[in-house]
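TrEMBL annotations:
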type	residues	note
DOMAIN	42-137	domain 'Ras-associating'
Amino acid sequence: MSGGGGGSREEERRKLADIINHWNANRLDLFEISDPTEDLEFHGVMRFYFQDKAAGNFATKCIRVSSTATTQDVIETLAEKFRPDMRMLSSPKYSLYEVHVSGEERRLDVDEKPLVVQLNWNKDDREGRFVLKNENDTLPPK
């Protein structure tokens, strides 16, 4: 994949660093994203919400996520954090959604990178949050 493109990778890193700086300028320190490494990898703390249908509320957790972490990686970490006691009893199918202020929702593919998705909100000037949902948990319409 990596060709001898000369400064192109450095250029990419600079561009990425600019986007990250812009993101950080509008965020609490807790949610700051690190400068990209030479491999264009970066880390940040992300907040995730979990819709607990049974309890009828939202739980929230912040975890440190790498730009290389896939949706699947994040879901596994979150499932352990949110419902460690439940994991053995059933095998819920979790999905991660990005939910925007506009009410628009999108389910992330398992191989997408949530931290990268979040960073791209900046470009589109969007605000949103990530919600972990148990697909088996959807209540039948009354």
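Note that Cβ sites are derived from N, Cα and C of the backbone, with glycine treated the same way.
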Residue distribution over DSSP helix, strand and coil in the domain 'Ras-associating' (42-137): 25 helix, 37 strand, 34 coil
Over the domain 'Ras-associating' (42-137), what is the model's mean pLDDT? 86
